[in-house]
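Undergrad: Heads up, here are the entries from TrEMBL:
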{"type": "COILED", "residues": "306-333", "note": "coiled coil"}
{"type": "COMPBIAS", "residues": "147-162", "note": "compositional bias 'Polar residues'"}
{"type": "COMPBIAS", "residues": "165-179", "note": "compositional bias 'Basic and acidic residues'"}
{"type": "COMPBIAS", "residues": "209-219", "note": "compositional bias 'Basic and acidic residues'"}
{"type": "DOMAIN", "residues": "1-105", "note": "domain 'SPX'"}
{"type": "DOMAIN", "residues": "210-366", "note": "domain 'SPX'"}
{"type": "REGION", "residues": "145-219", "note": "region 'Disordered'"}
């Protein structure tokens, strides 16, 4: 990603291989270190869950830490192995004229040299063991109990944090990697193809309008349930252009609102240009009234969503405090099965928190 020009003018194949080797060696050292740590955590948790008289709070905290460490290690391996493949793919593309094919030949060689490329097989057992910590069925010990990965995943709570990683682990790895998501440059190209390019003679402000309209359309299409609740920007813009055309582009200079307007013919804006819209006369003052109407709609929707998100946050806080008190209660059964039950509820609390975060971000974009 350092740039096509750099690859073409300064980077020869030998130098690129040396660079890739150095990067892979760095990744490999960290991977082996973290793998040993995560494996030790798993072995310790297996003993802790099976032991009697342990602390439920300690089991829950250790299990959660192990789950997060394993998730981080899996994603670390995935993003680095894909990053190397994509880097070689970009180089082949930049050096197409020379017949470069490193993505096939060189990638196959380094995959046998560095173990982090085989992370799916290496972490499979750890993923299954981690899943058993979250599964309330004490007999569910993955392959040890004769259960397949599919059986184990289907028996897990929906809030299991490593569901995506377990699903990804079951997908076969092709020699050319996973191109389902595509490269960043490819995605950018697709996005450009969808949207018409602005005319070359547009001014800066008009170019900004075109860009905003693209963003508006994208937001409108991304959340269908809010489609009718977005301000009708396109209609307001179309009416304004018609009024401006009739007025010979002599629109008022000062910023005004409909609250300061009057429909009386002698008033400054009462005698504004007039167009016919849907068979009815339409003046500038009517346009401002439409703006106020749209603002009122957006305001009501925003306030309702804010109240809903705040109520959800208050309910989540109550659930978290209740969960915490139960985890710290030493008068109840201190066992691995109870720790698993609390872990399942903790995963659901995390999922609820993420959903509230997504709702807030969607509201912010709205």
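Yeah, the Cβs are placed from backbone N, Cα and C, and that goes for glycine too.
Because TrEMBL annotations are produced automatically, they should be read as predictions rather than curated entries.
I'm curious about the neighbourhood of these features; can you describe it?
TA: Sequence-distant contacts of the coiled coil (306-333), counting only residues of its own chain at least 6 positions beyond either end whose CB sits under 8 Å from a CB of the stretch, comprise 55-57, 60, 342, 345-346, 349, 352-353, 356, 359-360, 363.
This prediction places the mean pLDDT of the domain 'SPX' (1-105) at 85.
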Undergrad: Could you tell me how many residues in the domain 'SPX' (1-105) are helical, how many are strand and how many are coil under DSSP?
TA: 87 helix, 0 strand, 18 coil
